[in-house]
Each structure stands twice: as structure tokens, then as C-alpha cells.
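Report on one structure; see the data block that follows.
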Amino acid sequence: ASMENKNNVTEFILHGLTQDKTVAKVCFSLFLVFYVVIILGNLLIITTIKTSKQLNSPMYFFLGHLSFVDISYSTVTAPKLIYDLLVEKKTISFVGCVAQLFAGHFLGCTEIFLLTVMAYDRCIAICKPLYYTNIVNRRVCGWLVAASWVGGFVHSTVQTLLPTQLPFCGTNKIDHYFCDVHPLLKLACTDTYVIGVIVAANSGVISLSCFVVLVVSYAVILVSLRTRSSEGRLKALYTCTSHITVVVLFFGPCIFIYMRPSTTFSADKMVSVFYTIVTPMLNPLIYTLRNEEVKNAVKNAMKKSWSRK
């Protein structure tokens, strides 16, 4: 039987973030501001990195890509969520749902890989400063970014193909504000235990292995800092703290949501808001506020654009 025959579901009804109209209005205003900040903040970082001559180290090359992923990632869920907060019936077509599921996992996983690459970059920069430019050269940077995108694509293909092969014939109400694997598996009218395990393993292996690489990178950094002067130590740690902050904010919620069998908790929606909207908004703030080079480059860029006027 073709997909259509075993599926009488052509669209899904999203439960949304909240049923309370007052809360919905507050969330609408809040998330609209957040989304604008995400777009403007990350665009500012991308433009500053592209136009500034000081920010030409690999760290900023990766940061530019991270900002691009953040804009794209939040765009997968935020505009629909913001719109749905004001409408009574929140629907999404079957195709739209699959597209959202694919794009969300593709960009989310790419972000995880990029954050891991950035930890490796910091590790080499701090532990092997003399060889840094040779080890993390232009070509290596390009390959690492390409690998992050390809990895995200492969992960996402698996996450999307499995649930979409299932028959959906009963209810079409998704208890979430966007299409994700666990809420979809709940709606399938067949046993999803095996697929649930594969999906959790796919996300789990990626999150865990990246997390291990991150922890090891930072452990190596800390060990190598023992021999440095306290000033050198502080400077090195300072460049790492912004990255560690972003990692904790993004990985924590992701591991909570995806590294478990297919069950849905009531806290899932709030946790999801965190990594789909809050973290992409905080990334530019964390990186610019904690980084003198970026701050100065932004100021210079602004001065230039004002002087043109």
C-alpha cells in the first residue's frame, strides 16, 4: 500500500505552547522580540566577521557559521509558534510537518557538530599555539564545517525517514508546538518501540559522543593551563567560558529531550523553547559581550556605517 492509502492524515493539529489566551498573548510579544533579536544579533555577528579584518582566525570563521545556523534553526519553529499563539486552530500539513521535522534535526545536529568543532579549535589554539595556524588552516576549517553540515544531514535523514514510514490513521493532534520525533511516534497506529529506540540511539550517540569530545577538549585545556602564568590562564579560560556557556545551554536541553525512549513529558515544550528560541538568541549576546575582539569590531563597523551617512 502506498503512503496515502495507509494514511488518512493529511494535516496535523498542533496543541501549541499554551491554551491560556492571556499567557499566549504574553508569549507572543516575548517570542516576537526574541526572534527579532535572534535575526538581528546573529546577522550583526555574520556581517562583522565578514567585514572585519581583525576577526580572521578560525574561531570567528566557525562563529559566523554558528550564527547562520542559529538564524536558520530558530526560523524552522519560531515564526510558526509566534503565529500560532494568536490563532485558534493551529494546523500544519503532513508535508509541512515532515519538512519541519527534517529541518529542525538537520540544523540542530549541525549546531551540535559546530560547537564540538569550536571546542577542538580552542583546544589546539591553547595547547599548541605555535602549530595552531598549521593544524587548523583554511582547508581544515572548510572540511570541518562541511563535515558538520553533512553529519547533520545524515542524522536528520534517519530521524525523518523512520517516523514517516509509519501509518497514521487515528488522531492527528500533536501535543507540541512543532513537529518532532517523539510526539509523532505517539500518533502512529502501530508499535513504535523499535523505531523509538533507533531514534533515541541516533540522537543519543551523536549528543553523547560530541559531549565526550567537548569534555575531553576542556580537560586537555585545563591540564595544559597548569603550567601557564595566572594571567595567561585567565585569558585562555576567558575565551573558553563563552563557548562553555553556549554548550551547556544547548546540550543540556537536547540531551534531556532526545536521549531517552519515546516518551513525552509535560516539561518537553518548555525545554524545547529553550533550545529553539532562547539559546539562538543568547549565542550572539554571549559571544559579543564576553569577547573584546568582537565588541571592538562591532563598534568599528558601526562607526564606519555612521560615517558613511
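Glycine residues also receive a Cβ, built from the backbone N, Cα and C atoms like all the rest.
Listed features, source TrEMBL:
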DOMAIN    41-287  domain 'G-protein coupled receptors family 1 profile'
TRANSMEM  23-47  transmembrane segment
TRANSMEM  98-120  transmembrane segment
TRANSMEM  140-158  transmembrane segment
TRANSMEM  193-224  transmembrane segment
TRANSMEM  236-258  transmembrane segment
TRANSMEM  270-289  transmembrane segment
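Listed by sequence, the residues of this chain that lie at least six past the ends of the transmembrane segment (193-224) yet keep a Cβ under 8 A from its Cβ atoms are 109, 112-113, 115-116, 119-120, 122-123, 126-127, 151, 155, 158-159, 162-163, 166, 181-182, 185, 236, 240, 244, 247, 251, 254-255, 258-262. As a quick check, the transmembrane segment (236-258) and the transmembrane segment (98-120) clear the bar of 3 or more Cβ pairs under 8 A, pairs 6 or more apart, so the two touch.
The average pLDDT the prediction assigns to the domain 'G-protein coupled receptors family 1 profile' (41-287) is 87.
Residues 16-17, 63-64, 67-68, 70-71, 74, 78-79, 81-82, 85-86, 277-278, 280-281, 283-285, 287-288, 294, 298, 301 of the same chain sit 6 or more residues outside the transmembrane segment (23-47) yet have a Cβ under 8 Å from a Cβ within it. Packing against the transmembrane segment (140-158) from elsewhere in the chain are residues 58, 61-62, 65, 102-103, 105-114, 117, 120, 198-199, 202-203, 206: each is 6 or more residues past its ends and has a CB under 8 Å from a CB in it.
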